[in-house]
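Student: Straight out of TrEMBL:
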- 27-79: domain 'Myosin N-terminal SH3-like' (DOMAIN)
- 88-741: domain 'Myosin motor' (DOMAIN)
- Gly182, Glu183, Ser184, Gly185, Ala186, Gly187, Lys188, Thr189: ATP binding site (BINDING)
- 620-642: region 'Actin-binding' (REGION)
- 1082-1102: compositional bias 'Polar residues' (COMPBIAS)
- 1127-1249: coiled coil (COILED)
- 1262-1275: compositional bias 'Polar residues' (COMPBIAS)
Amino acid sequence: MQYKAQQQIPCFARVFQLDNHHEGVLPWYTRVWIPDPDEVWRSAEIIKDYKEGDKSLRLKLEDETVCEYPIDLQGSQLPFLRNPDILVGENDLTALSYLHEPAVLHNLKVRFLESNHIYTYCGIVLVAINPYEQLPIYEQDVIYAYSGQNMGDMDPHIFAVAEEAYKQMARDEKNQSIIVSGESGAGKTVSAKYAMRFFATVGGSASDTNIETKVLASSPIMEAIGNAKTTRNDNSSRFGKYIQIGFDKRYHIIGANMRTYLLEKSRVVFQAEDERNYHIFYQLCASASLPEFKDLSLTCAEDFFYTSQGGDTSIDGVDDADDFEKTRHAFTLLGVKESHQMTIFRIIASILHLGNLEIQAERDGDACSISVSSKQTPKILNAPAKHIYAQLFNWIVEHVNKALHTTIKQHSFIGVLDIYGFETFEVNSFEQFCINYANEKLQQQFNLHVFKLEQEEYMKEQIPWTLIDFYDNQPCIDLIEAKLGILDLLDEECKVPKGTDQNWAQKLYDRHSTSQHFQKPRMSNTSFIVVHFADKVEYQCEGFLEKNRDTVYEEQINILKASKYQMVADLFHDEKDSMPAPPVGKGTSSKISVRSARPAVKAANKEHKKTVGHQFRNSLHLLMETLNATTPHYVRCIKPNDEKLPFKFDPKRAVQQLRACGVLETIRISAAGYPSRWSYHDFLNRYRVLMKKRDISKNDKKQICKTLLEDLIKDPDKFQFGRTKIFFRAGQVAYLEKLRADKFRAATIMIQKTVRGWLQRLKYRRMKEAAVTIQRYTRGHLARRLADHLRKTRAAIIFQKQYRMLRIFRAFQNIRQATITIQAFARGMFVRRVYHKILLEHKATIIQKHSRAWLARKQFLRLRCATVVLQCYYRRMKAKQELKALKIEARSAEHLKRLNIGMENKVVQLQRKVDEQNKEYKLLNEQLSALTSAHSTEMKKLKKELERYQQNQGDGNQLVDLQEEIESLQLELKKAHSERKIIEDAYVKEKDLLKKRVSDLEEENALLKQEKEELNNRVLCQSEDEFARNTVEENLLKKELEEERSRYQNLVKEFSRLEQRYDNLRDEMTIIKQTPGHRRNPSNQSSLESDSNYPSFSTSEIGDTEDAIQQVEEVGIEKAAMDMTVFLKLQKRVRELEQERKKLQAQLEKREKEKENKSSQVIEMKNEMDLDRDTDLAYNSLKRQELESENKKLKNELNELRKAIADQATQNNSSNDIQDSYNLLLNQLKSANEELEVRKEEVLILRTQIINAAQEKETSKNMESSINTHPSWPNSDKHVDQEDAIEAYQGVCEANR
């Protein structure tokens, strides 16, 4: 098959063809690149050695297709060599050994499609391929990851370029620039936006101005008024902008400034198919339903001529209303007033309405009428529409710059240039000419900068510098901007009153026909061709003059200046009165008239001093001066396909853009020198296989590398030695890779030869051994066959002899075997029956064993769980009781009794005195009742006498007697108060003594516990066997001791509660004593209730108490007094309890001593303990009965006291003070009654629990005695903390309540 190239090798590709071949020979395994009409370049492998003079190459493509590639013998143009696989996918294109177009294209394709890397370095240029997909590589953490890193330390990224610019600004104190270029849709605006975000994050403002937020907020505004949908990009920037971000001395952002270039004003009045006007028009129409926009008379975008020419007015995935809210928010963030915003939107709406106007001339031609139409717009209205929008655009840019301006002195800045790339369309006009002119200037600056960096690198490494020839586009720039150049002739033609595009084109043909960068098309007289650095572009001359003049009528400007809206007038306030003259068409000026009273409007005869081309040239010169004064950083954006599909790579479109953006020129400049650079260490590690052993033994790496290269590469111009690197011409690294591969291939062949020889020798030895073995076995087989024949002959004779005997013997054996078999089966059947019976019995036994074991375990687990629960509740109850006992011991009267010896005698004397007073009180009560009856009769008599006496005398003497009686009563009251205070002081002292006694008892209890623990430790040390036997007995003793202590504590608590009741009633008695005119009979005993854990209650008593309380409530009587009988009884009870405690303590000490004896003594001690325990239980039951009887007696006396109070209440009525004291006593009685009921419930529940626990304990003992194994309860021997026991008991009480 013959392979014919249908595409010529481009000029840049031919320039890159260097000395890649050696001695004119290409071996058969060499891989090359050949042109392809679809993929631009295609990889192939030579399958036949090529020698100089051959007319074709025999190649094998990647799809295994074999083809013939013709060779041009005259041009000696051989195919480009392919780089080794180690270099494919490099993140820097200049690191490739062969620097040419197919290598660059393949490397970008591999990184983009296989690794999804959109960024690649090309020397100082960052090549960015638009993925058309949002990638997670721009988050905040990625910014911080690249911050502070060198440019080559991490993967290529726009953040790496921004960090390099920021670092060089801080290090060199020199201004920086980032130049982002590319064609529409390549991602220039997004790249510039991410660069500014990096600077805003890394160099955030040090103050609270949030200037970095304002810098980022300018993006949505500029995108709304300067971006539009084109056929290549949904968000194409239709203007160029250069943003300078200012920094202070600490390199924090302090402000910014924006410069714009060449806004595409023609898009305001015209859009091509599938294109849109600027985004702000559609955003405003989408938000027309807002109440603040109702007076603008806006509808949908399809109703306006200026927004519907392109067809579809929407963009997939874009919400214009939402973007409009972002734009308004950005305006507010930048400080644009709400009134100014409304005026801006009003101006934009007026432009839309202006496009729907239609001007119709009347018959006489002196007047016209205006009607609204959306189908067509007169050209006369396009100029003011474009001019108004351009002025509004400039006003917004100016106010954005004001918002970003700062008064702080700027130390340095970083500029971000987002400018259009090289453009070529089917129809190219004035805008494309200016864009390509700007790219020519930028490419020249780029070439000079790259050439300068190469020179600095060579000087740094001390490499001899030779002049590198690179493409200089200065002649093309001179063609455009020099004197009598294209722009100069255009401005000159604009000055001519009747200048036309055809006349200007003819002047260009006459002036520049001899220029190598200017050509005239064959089939056109109204167009010209300029040979740019990237490609040839044909420009249509139609419209150049009109766009260059930017014609606007003076009357229209004057009308706008006189607008009632101040902002509209300000837009045109600074303009000169002179306006450029419009192009005069045939018969157009005579048909236009503003009003009939005036003559026809003539075109303005004045023109602007500066045309659009002249202004653009000046601004471009200013931009170039700014860029030349800074350190530039280049970002070249590539559009991978025209369908905007994610991660799809079109080689044709990519090559076209690579040629246009200068990336290949960078490679060409690098390839003209020494593009491949290796450090001595890396070179030595890679190519040490090419060295000799004596050279590797040297210590000087530089000398080793020099010796190797001088031996391998004979031409010394192909490499240079720098201070830290080795510099190679293009293709030399690939040549070294070839030598390295040849060395490995030769070594592989040697290894293969040796291995194959060894395998053949091994195979021969195996075959020889096999032949000898076969012969030996064959001869043996023949000998064995002869011997077998002799043996068989003899055997046949023997068989004949034995056959008859064997036949009879077999018959006998068959009969015998049958008999034995029958016997065996019969016996086996009987044995199996017995076996099956035994097996069934055994299985039944196993099932019974397991079922009984399961039932026993289930019952055991249930009993253990129940026991654990009971233990928990019981220990919690015991802990509560112990807590109460500790509290009661704190108030014990034992210490008070030791400190105050003889206190009991005093109390007895006081009791006697109280009894006498009670008796006296009873007698006085009886006398008082008699006196009261006598007093009532006497009062009646005295009242009668008083009436008579009052008639005769005044009341003076009686008042004196009453006053004397009041004074005597007041003295008695003071005396009662003093006695009460003395009693209170004595009570406080007694209380303090009791508290001190309780603390002493607690300390004594702690000491007893410590001694008990020591005794336990000693018992444990004696022997483990003895401890195991005594553990159960010790636990029983502990439980009994805790029960005794709980009983003791309950009694002490009962004493404290009754003591408190005594204090309260004693206070009430003092109050009653101070009240004259009332006494009651003393009661022998008075008590509210007992807090013992084993009281007995009767419902009749509670009913009587409630009846008495109800009776007292109905009658209303004063509080009753209480005697000291209860207090004395309680003291007696406390003494008995102290004796019991001492007795129990003595028993405990005695039992602990007995534990230390031998095992026989332990058994005796157990019997004694059982006797003592029975005695204690009997004693405790008697004590409980005694306490119940005392409690019942106290209850009866309390009811009698209440009845007495109720009886006395029927006789006399008390005053308001007595009524208050009565209410207080009544409340206390109610609370005591409620508490009595609660305690009764607790006691009943506890008694039931104790009985249940005793029953379960007896059952557990019976089970232990019946079962041989003695299971150990997990919680039975566990030490219970005092606080845990208290909390457990409190929980039981709360649950019972």
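All positions are counted from 1 along the displayed chain.
Backbone N, Cα and C atoms are what each Cβ position is placed from, and that goes for glycine too.
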Student: I'd like to know which of these binding-site residues, Gly182, Gly185, is least surrounded, judged by other CB atoms within 10 A.
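Tutor: Among the binding-site residues Gly182, Gly185, the lowest count of other Cβ atoms within 10 Å belongs to Gly185.
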Student: If you count the C-beta atoms lying within 10 Å of each candidate's C-beta, which of the binding-site residues Ser184, Ala186, Gly187, Lys188 ends up with the smallest number?
Tutor: Ser184
Student: Within 10 angstroms of the C-beta of Thr189 (ATP binding site), what count of other C-beta atoms is obtained when all protein chains are considered?
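Tutor: Taking all protein chains shown, Thr189 (ATP binding site) has 23 Cβ neighbours within 10 Å.
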Student: With every protein chain in view, how many other Cβ atoms are within 10 Å of the Cβ of Glu183 (ATP binding site)?
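Tutor: The answer is 23.
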Student: Quick check: with Gly182, Glu183, Ser184, Gly185, Ala186, Gly187, Lys188, Thr189 left out, which same-chain residues have Cβ atoms within 8 Å of the centroid of the ATP site Cβ atoms?
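Tutor: Checked against the 8 Å cutoff, the neighbours are Asn130, Asn233, Ser236, Ser237, Gly421, Cys637, Lys639.
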Student: DSSP says what for the domain 'Myosin N-terminal SH3-like' (27-79): how many helix, strand, coil residues?
Tutor: 0 helix, 27 strand, 26 coil
Student: So what's the average pLDDT for the domain 'Myosin motor' (88-741)?
Tutor: 81
